[in-house]
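Copied over from TrEMBL:
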type	residues	note
TRANSMEM	7-31	transmembrane segment
TRANSMEM	37-57	transmembrane segment
TRANSMEM	78-100	transmembrane segment
TRANSMEM	112-133	transmembrane segment
TRANSMEM	140-163	transmembrane segment
TRANSMEM	169-190	transmembrane segment
TRANSMEM	211-228	transmembrane segment
TRANSMEM	248-269	transmembrane segment
TRANSMEM	290-315	transmembrane segment
TRANSMEM	380-400	transmembrane segment
TRANSMEM	412-430	transmembrane segment
TRANSMEM	436-453	transmembrane segment
Amino acid sequence: MTIKKFLVLALGPIGAAFFSLITLPFIAWFFNAEDVGRFNMLQVFLGLTVTIFSLQMHQSYVREYYEEEDKEMLLKMTILPGFFLLIIAIILLFIFSFSISKILFDVESFEIDILVLLTVISSFFINSFSHVIRMMGKEWFFAISQIFPKIILFILLGVILLFNFEYSFLILMNINTITLVLSTILFIYLSNTSWKIFKLNKINLLLLNKIVKFSLPLVLGGLAYWGLSYIDRFFLKNYSGLEEVGIYSIASTLAGVISIFTTVFATIWHPLIFKWIKEGIDPKRVQNVINILFVFITFIWSIFGLFSWIIPIFLPENYELVQYIIVGCTAGSLLYLLSEATTVGIGISRRSIFSLLSSFLAFVVSVILNYLLVPCFGGIGASISIMISFYIFFIIRTEATIYLWHFLDRKLIYAMLFLYILNTIFMLIIKPNSMMYSITWIFLFIFSLIPFYKTIYKIIKNRGV
């Protein structure tokens, strides 16, 4: 991958994160916390429906793309099964008069139900066509597809402010639906997809069978990871109410800026590691990458711990807890980023069952911790739960790599991360405001840096790992 291609690909998530960050304060200021919570529950629900109804067949599309000559047939076989399943589910909802809005938002509204279904259908197609655009190799199209929905949402929110519309959840639902429908149209256009993929007169059953065998086992892993990432919202809704969900969602969305680093790292790391393995590169180079990434995440963790007090300045008064919750949410994202480096053994050995196992076990831990902590501490408890759960997730992935592939020197990393977790829990529960406590973040980072400074110096000197 050339530097130019990489920069264009990185432009998508970076641009999307930028528009999310400038949109978020607007939503927090002009909509009440309960409506922000409802809006977040919608995003969580959309993630669940995409995980279920996609049947993870978009991953089969990526896997088979270079082997199948008939790309249109491949797309048809990866979209139609999930699409028909989605249509059946929608029909059943109408037959049994099931109200999605009542379950998710505590507001029974047929209009909102229709809007939710439109967003579900749009999200289904956006998920599928985004992979088509990515595999076409048109980096600019992919970058545009990532940024476009965020820009449209930002513009529509600006229109609401300009014309002084009512700041209600129904308005949020309408602008979100318009955003997703327009995005779907753009994705279909950029992917150059023909309506012929919905014709049933030509079906490749052999290809469909191959796709199903590969994709269906991945659904369980996708559901487990979705649960690990989002089950806390349901505990918060049930035990603390939608207002607490709204406050927590602001913190978790701000912490989501870490996903930029995850996307950029994964774009470089996954192709590189398989190239290294093919060339017989010394596994110590993998260890060097892990060590450097560990120092990087402890630095970011410390920065958030030191300066999270700045965040409430840009938010309404009732979002004061965001300054604490965001540190735990950021920790979870950083631990996931580090696990992306240590999970190489699972990919190399092709033992994907271990990937499912790591997600499932961490999900179980998350459920237990949320059950114990959320009733007592609300969003603070959810933040602690997500942090500890991703720590377990990271450990399982790392140990799986050692078992399946090669030894990694990880005990010091485990210990230092454990200290960071303890310090974060202290911050979340006690909420100290003293300068002396702030210094602990500096000392923790120094202690994290000392064991690896020689490695970092050699890499800088040699200009590479």
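Heads up, residue numbers simply count up from 1 along the chain you see.
The backbone N, Cα and C atoms fix where each Cβ goes, glycine too.
Same-chain neighbours of the transmembrane segment (412-430): 290-291, 294, 298, 301, 305, 324-325, 327-328, 331, 335, 377, 380, 383-384, 387-388, 391, 394-395, 437, 440-441, 444, 447-448, 451, counting only residues six or more beyond its ends whose CB sits under 8 Å from a CB of the stretch. Here the transmembrane segment (140-163) has Cβ contacts under 8 Å with residues 8-9, 11-13, 15-16, 19-20, 22-23, 26-27, 30, 126, 129-130, 133-134, 171, 175-176, 178-180, 182-183, 186-187, 190 of the same chain, all six or more residues outside its ends. Beyond the ends of the transmembrane segment (37-57), by six or more residues, the same chain brings 27, 31, 77-79, 81-83, 85-86, 89, 100, 104-105, 107, 116, 119-120, 123-124, 127-128, 169, 172-173, 176, 211-212, 215-216, 218-219, 222-223, 226, 229-230, 233-234, 237, 241-249, 253 to within a C-beta distance below 8 angstroms of the stretch.
Long-range contacts of the transmembrane segment (380-400) within the same chain, counting only residues at least 6 positions beyond its ends with a Cβ under 8 Å from a Cβ of the stretch, are 228-229, 232-233, 235-236, 248, 251-252, 321, 324-329, 331-333, 335-336, 338-339, 342-343, 345-346, 351, 354-355, 357-359, 361-363, 365-366, 369-370, 372-374, 408, 410, 414, 417-418, 421, 424-425, 428-429. The listed stretches are 7-31, 78-100, 211-228, 248-269; of these, 7-31 has the most Cβ pairs under 8 Å to the transmembrane segment (169-190). Only pairs six or more apart in sequence are counted, and the transmembrane segment (248-269) with the transmembrane segment (211-228) gives fewer than three Cβ pairs under 8 Å, not enough to call it a contact. With a threshold of 8 Å between CB atoms, the same-chain residues lying at least 6 positions outside the transmembrane segment (211-228) that come near it are 47-48, 51-52, 55-57, 59-60, 63-64, 77-78, 81, 352, 355-356, 359-360, 362-363, 366-367, 389-390, 393.
Using a Cβ-Cβ cut-off under 8 Å and counting only residues 6 or more beyond its ends in the same chain, the transmembrane segment (290-315) has close neighbours at 25, 28-29, 250, 254-255, 258, 261, 265, 322-324, 326-327, 330-331, 334-335, 337-338, 341-342, 408, 410, 413, 416-417, 420, 423-424, 427, 438, 441-442, 444-445, 448-449, 452, 455-456, 459, 465.
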